[in-house]
Every structure is written in C-alpha cells, then in structure tokens.
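Enquirer: My structure is below; once you've seen it, I'll send some questions.
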Amino acid sequence: MVISVPATSANLGPGFDTLGLALKLHNTFSITPSKLSSIHISGEGEDRPKLRIDNVFIKIFNEILALHNYPMQPFKFSFHNAIPISRGLGSSSAVIVGAIVGAYHIMQKPINKSEILQLALSYENHPDNITPALYGGFNVSMLDSSLKTKEQVINVQALLPTDIKAVVVIPNVAISTKFSRRSLPKKYSTKDAVFNLSHACMLSAAFITHKWELLRVASQDRFHQELRMKNIPALFNVQKIALENGALLSTLSGSGSSFLNICYCDDSGNLAHILQKHFPKFRVIELEFDNIGATLIES
C-alpha cells in the first residue's frame, strides 16, 4: 500500500494560520505487513539517522492503530521524501496526514476526511497546512470551539485551475516553525489587524473567483512576513525580482525559508529562469497545483 501526500504552502501573505494550498510535489509512504519491522527512507532527509530512529510517521501510525484497538504487528515502511524538510512546504503536515490515512487503510476503515482532519489537529494545532495536504486545492480553515468540548476544524476548499502555476524558490537554509514564531510580536495594532483581515478576505475571494489581477495587492501582510524574511534578507530581493518579472503573487511559504510565487503558466519558465540566474545557490522549481490531496496510489 502506498499513500501520496502533496506539499503545501500556507499563510499566502495575510492569511496567517488560515490559508493554504497544495502543490504537485509529493511524499510517498509505503506500508507493507511483514514478519519483521523495518524502515527505509530516500530523498529529502535520507542522511538523517534521527528520521529512522525516532520516526514521526511510525509514531503517529501506531498511535492511530492503538486508538482503534487494532492489533499491533510488524510492518515494512518505505518512505520517499520529495518535500524539502523545514523549508515552509508542509513536510510535517504531509507526515501527519500520511500516517493517519495510512492507518485507516491498514485497518480497512472508510476514509472520512473530516474525521481525519480532526485527528491531525491533535498533532499540529494550526490547520493551514493540514487541510490542503488532506483535501488538495486552495483552503480556508478556521478553528471553532463554540459548540464542542474541543476545537474543531472547519474548512472550505476551492479547486485551482490550470492557467496558473507556482514557481518556488527554496533557500539552502532550514527554518523551523517554532523558531520562526519567536520573532513575532504578542500583540498587533487595530490598524494592522484590520489591514490583514481585509487583505486575507480579498485574497480568498481572488482565489475562489479566479480574479488573478487581485493577488498582488491582496497578498500584502503586516503580521509576520517581513519579520520572518529578516532571517534571510535575500528573500526581499527574491520577492522584488519575482514581482518585476511576471509573478502575480510573491509570498513567504509558511514560516519559510521557501518563497512561493504564482504566475500565469506562460510566464513560469521565464520567471524560474530569472530567479535561478539571480539566486544560483537556491533551488528554483516550477510546480502545478494539486487538487486531490492525500490519496492511495497503490493498494
């Protein structure tokens, strides 16, 4: 059995902990019943012994099986990681979603994405990456605690069309979300809060109605982006050059260090070429959007 989960880009500027989308860059997780337990990792992180010794996927997978009183047994795990680790592209969300979906398939339990989403929230308490990893497309997510004893995720998904594409710039610097959040203030002014609220609403409307001309102005942010970009000052130039060369939107991806640029498909090759020329030490990749999310690709 093989599960595929896409990379994700969250925040998208003003949508802090709320907005996210899925990209066609996937981690695959193979799970096979076996006489002996084993783990093999290829791709990103394959040279990190910690990923084998203390593997988060296996930990969550086993916890979900135990939650449903499923008898424990040995498995052969084989993971291929295409999503860069600690680069703001949802590698941790892919692991969480993949582990839960994988456990459901092993138990032959019907895939209830709403139920899986709530389980995933117990491992990552902000849903902006979790929802697109699970559902695909563009997602608006919120946490609601008004009627429940614990917070519930509510999300709305919109499919992304094929006339736009992502050009992602990936610096050779890892930044953890926990570290990145330390640079953020505890309080914001009413003026900045209204600014972000209005821009996040307009950005959501632009994605849902496909009014791409609004992306540039609607993706401005006053909560987190510039503060986080100061950790890697070159990102200010990435954004400037991208917007001067066809990008409709240019924002920090999640907490960084990657930068998400969205452009028309006809402009993606030129934009990628220019960015790679200016930033030869960074990876620059063109990606389509993923509208499927986590899926079983081999039973």
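Keep in mind that glycine also has a Cβ here, set from the backbone N, Cα and C atoms.
Below are the features listed in Swiss-Prot for this protein:
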BINDING   PRO84, ILE85, SER86, ARG87, GLY88, LEU89, GLY90, SER91, SER92, SER93, ALA94  ATP binding site
Enquirer: Quick check: which same-chain residues outside PRO84, ILE85, SER86, ARG87, GLY88, LEU89, GLY90, SER91, SER92, SER93, ALA94 lie with their CB within 8 A of the centre of the ATP site CB atoms?
Expert: ALA7, ILE83, GLY254
Enquirer: Which has the fewest other CB atoms in a 10 Å radius around its CB: PRO84, GLY88, GLY90, SER92, ALA94, the listed binding-site residues?
Expert: SER92
Enquirer: Using DSSP reduced to three states, classify ALA94 (ATP binding site) as helix, strand or coil.
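Expert: In the DSSP reduction, ALA94 (ATP binding site) maps to helix.
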